[in-house]
Amino acid sequence: MALNTPQITPTKKITVRAIGEELPRGDYQRCPQCDMLFSLPEINSHQSAYCPRCQAKIRDGRDWSLTRLAAMAFTMLLLMPFAWGEPLLHIWLLGIRIDANVMQGIWQMTKQGDAITGSMVFFCVIGAPLILVTSIAYLWFGNRLGMNLRPVLLMLERLKEWVMLDIYLVGIGVASIKVQDYAHIQAGVGLFSFVALVILTTVTLSHLNVEELWERFYPQRPATRRDEKLRVCLGCHFTGYPDQRGRCPRCHIPLRLRRRHSLQKCWAALLASIVLLLPANLLPISIIYLNGGRQEDTILSGIMSLASSNIAVAGIVFIASILVPFTKVIVMFTLLLSIHFKCQQGLRTRILLLRMVTWIGRWSMLDLFVISLTMSLINRDQILAFTMGPAAFYFGAAVILTILAVEWLDSRLLWDAHESGNARFDD
């Protein structure tokens, strides 16, 4: 018995066209964080690309023209004298008006014999932002004059995390709450300039795509075929072959399989920071003279006294001054041990922890910024005066060393310790 099946006739004509040209192939790229070699397709503007294995951002879609970056830099340069030299806060102490600005706080630190601690604050609040705007201006002028731009481009990517104007702005709020127990506070004209400078700096850093600047100024022929001998440069993120001198053909720094002496430098910085954190938390970090009496505060006791007036601000200072430094030390110690013992479990967790400490590390400088600003506000000789204690130097040095330890660690070593050939990683 035959089955009668109805015929289905399409209502619209289906047209099949042959592909007349070869589909576009992607360029081969190595991930600078996990060293995976993959094919990167062509990316349009405002599109980002991520590593298929570790999800690290390979290409950032946010990109401004150099002219727009230069305009932002010149605007920031105009704001800087007002943000640093004009009063941020006014207080009335014992019937006398006192003005506080950024430069005055750094000068008070240096004047009291601790120039190293003052230079830490100076670099993060004044030096690094000033280098940022002058570097962008150098790129703008240098591109037109045919100057060598490689050193500036190499420095810009590392400079971003040292620009800490946003953290200093939080420190202004913390210092205001600490001082309000002794005097009446009012915002100064410099505060508005400083807030504007923070906003412009944040926007500029978020749109400063150094890798795209490398592509514009020093374009290189990408690798179009897969080759395990391809290496990625950690300076400019170019994937290719080393030249005859073993250097990256684009930025001219040595092109090595792994960062040289990464573990040794990381261990040295980490152990030194552990040693410095002990006096930083045991010795007094601030000293207040009130009517001839002397009151010393460690980091913890200062947080407890701050909690009596504002528990939320005390929580912020606790996280930045105690929780973050010790968390960074514990995480980095764990990561280094996992590399030495070739741990194969929990790779995803370790990668996330490394990215976390990379982002939060700079916030530990908050305590030094609060001390710097408070020193310029309260300084009335023996009637009422505020000065920093010996722990300030140890704390600042420990924070900087932990930042350097994270920067010096080559994250690809975590993958080397893991089993080879993993296309995915999980716990």
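Just so you know, glycine gets a Cβ as well, placed from its N, Cα and C.
Each of T67 and T117 belongs to a differently named topological domain in Swiss-Prot, hence to opposite sides of the membrane. Comparing 76-96, 121-141, 270-290, 311-331, 351-371 for CB pairs under 8 angstroms to the transmembrane segment (383-403), the maximum falls on 270-290.
Proximity of the transmembrane segment (270-290) to the transmembrane segment (311-331) is established through 3 or more Cβ-Cβ distances under 8 Å for residue pairs spaced 6 or more apart.
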